[in-house]
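So that you can see what the record holds, here are the features copied from Swiss-Prot:
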TOPO_DOM  1-43  topological domain 'Cytoplasmic'
MOD_RES   26  phosphoserine
TRANSMEM  44-64  transmembrane segment
TOPO_DOM  65-74  topological domain 'Extracellular'
TRANSMEM  75-95  transmembrane segment
TOPO_DOM  96-101  topological domain 'Cytoplasmic'
INTRAMEM  102-116  intramembrane segment
TOPO_DOM  117-130  topological domain 'Cytoplasmic'
TRANSMEM  131-150  transmembrane segment
BINDING   135, 244  L-glutamate binding site
TOPO_DOM  151-163  topological domain 'Extracellular'
TRANSMEM  164-179  transmembrane segment
TOPO_DOM  180-193  topological domain 'Cytoplasmic'
TRANSMEM  194-210  transmembrane segment
TOPO_DOM  211-234  topological domain 'Extracellular'
TRANSMEM  235-255  transmembrane segment
TRANSMEM  266-286  transmembrane segment
TOPO_DOM  287-317  topological domain 'Extracellular'
CARBOHYD  314  N-linked glycosylation site
TRANSMEM  318-338  transmembrane segment
TOPO_DOM  339-364  topological domain 'Cytoplasmic'
TRANSMEM  365-385  transmembrane segment
TRANSMEM  388-408  transmembrane segment
TOPO_DOM  409-422  topological domain 'Cytoplasmic'
TRANSMEM  423-443  transmembrane segment
TOPO_DOM  444-449  topological domain 'Extracellular'
TRANSMEM  450-470  transmembrane segment
TOPO_DOM  471-501  topological domain 'Cytoplasmic'
């Protein structure tokens with residue numbers, strides 16, 4: 001099922017085109033670097049796919065403050081139950097995306113699936129709010145955690161200056177952008193290494209926890225389902241925190257066109273990753289409770305540090321480094337995946353054409369990567385990022401739910417579509433209901449923030465009609481746009497992709 005772009009995304013004469021040697025015609029007469037076509041290569045193997053999913057799901061939260069679930073359940077047993085249920089439901093969502101990714105073999109994730117099923121307007125609104133607010137703010141938040149924890153070993157006895165955190169954060173963001181601009185292979189290799197660091201950090205917590213259980217340290221699990229008074233009405237909020245902790249399983253679908261043998265790799269990578277993350281999350285929480293009781297966990301600002309100080313002695317000094325590496329992995333994986341979302345949206349005519357162009361030698365979507373840098377820097381040095389993300393958290397579940405509902409629609413509308421991987425219908429149905437529940441919960445628990453988020457999201461509607469539908473733009477605007485694009489092509493050494501889908 002292939003759509004035509006909403007508008008023409010690549011000029012037939014106005015913009016510079018790459019030649020068969022993979023170079024811009026205006027870059028001189030040097031010997032061409034090779035005969036490869038200018039296009040994104042399929043370099044994402046099974047191992048790299050697993051590292052993208054695990055690397056973007058596991059951030060700082062499980063090490064620093066996994067208390068949102070416990071706070072709203074009131075008992076150790078119920079919190080572990082919620083962690084398990086959320087892992088299973090996230091697996092259902094991931095399996096639904098595996099079917100979508102092997103049926104619609106295009107990059108872009110939920111943007112592409114919404115575009116294919118529901119049309120250009122909701123797809124544009126999705127990418128509009130993602131580009132301008134959600135992704136820059138989310139990248140800035142995880143990057144600030146990286147900056148704080150990479151500096152913590154140097155400021156053990158005093159408070160870390162806020163300016164120092166932001167400066168080292170800015171350096172980290174720049175390194176990630178440069179890395180993703182220079183090489184897909186190196187970005188993927190570093191992601192594998194960082195994922196290994198994350199899993200090592202989790203094992204450093206789980207193994208001593210298991211040893212504590214063997215020694216009989218089970219006092220915090222006695223009467224596991226009794227504890228602080230907690231209303232059953234707060235369980236949905238605990239569920240919300242749990243689902244948020246697993247978010248990230250959808251990122252491999254953002255890079256479908258770069259996955260080797262996607263019909264096999266995507267489902268297998270998703271199943272392996274979700275099994276590892278779910279087991280890791282549950283066992284990490286079990287390990288915490290072998291040493292820290294519920295009240296202490298709720299009071300701790302860095303649970304992994306508290307745990308390691310009690311069991312690992314001086315080795316606890318290494319925990320901030322592992323947390324920083326975990327954050328860096330989330331930064332790298334997020335930028336790698338989301339840049340492909342912008343690339344595909346540009347190819348479909350929803351973003352400026354320059355974002356759908358590829359570097360002539362490095363074969364990376366350079367403009368789609370670097371566009372995030374100034375936007376993230378603005379967010380980094382601006383106001384309250386957490387509030388901004390809270391305003392828009394409902395939008396994530398709304399659009400993911402729409403994408404999975406689209407799977408159900410395609411089952412009935414296009415029953416003969418080739419589906420290499422097919423899930424039982426109750427899986428997408430249950431997950432779509434879960435997403436609807438998350439949106440309803442946002443409206444119920446915080447109507448003010450959700451209302452602000454709705455207004456911000458809906459600004460994409462007039463933007464769609466102004467920038468996409470209105471085709472009688474002034475001549476001076478079209479000329480200026482073309483000149484800017486040509487200039488950026490020459491500076492960045494990028495051209496339209498050859499043999500696009």
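Placed from the backbone N, Cα and C atoms, the Cβ positions cover glycine too.
Taken together, the residues in the topological domain 'Cytoplasmic' (117-130) have a mean pLDDT of 94 on the 0 to 100 scale. Around the Cβ of residue 135 (L-glutamate binding site), 24 further Cβ atoms fall within 10 Å across all displayed protein chains. Its Cβ placed at the centre, residue 244 (L-glutamate binding site) has 17 other Cβ atoms within 10 Å. With a cut-off of 8 Å on Cβ pairs spaced 6 or more residues apart, the transmembrane segment (164-179) and the transmembrane segment (75-95) reach fewer than 3 such pairs and are scored as not touching. Remote same-chain partners of the topological domain 'Extracellular' (151-163), defined as residues 6 or more beyond its termini with a Cβ less than 8 Å from a stretch Cβ, comprise 317, 320-321. A contact between the transmembrane segment (318-338) and the transmembrane segment (388-408) is absent, since fewer than 3 of their C-beta pairs, 6 or more residues apart, lie under 8 Å. Residues 53, 69, 220-221, 224-228, 230, 235, 238-239, 242-243, 245-247, 249-250, 267, 270-271, 273-275, 277-278, 281-282, 285-286, 289, 294, 400, 404, 423, 427-428, 430-431, 434-435 of the same chain lie 6+ residues outside the transmembrane segment (75-95) yet bring a C-beta within less than 8 angstroms of a C-beta in it.
Same-chain neighbours of the transmembrane segment (450-470): 6-7, 120-121, 124-126, 128-129, 133, 349-350, 390-395, 442-443, counting only residues six or more beyond its ends whose CB sits under 8 Å from a CB of the stretch. Across the topological domain 'Cytoplasmic' (339-364), the DSSP tally of helix, strand and coil residues reads 13 helix, 3 strand, 10 coil. Away from its own ends, the transmembrane segment (365-385) comes close to residues 40, 131-132, 135-137, 139-141, 143-144, 166, 169-170, 173-174, 177, 180-181, 335, 338-340, 342-343, 346, 354-359, 488, 492-494 of its chain (Cβ-Cβ under 8 Å, at least six residues beyond either end). Counting only residues at least six positions away in the same chain, no Cβ atom sits under 8 Å from the Cβ of the residue listed as 'N-linked glycosylation site'.
In this chain, the transmembrane segment (131-150) lies out of contact with the transmembrane segment (235-255); the count of Cβ pairs under 8 Å, excluding pairs fewer than 6 apart in sequence, is fewer than 3.
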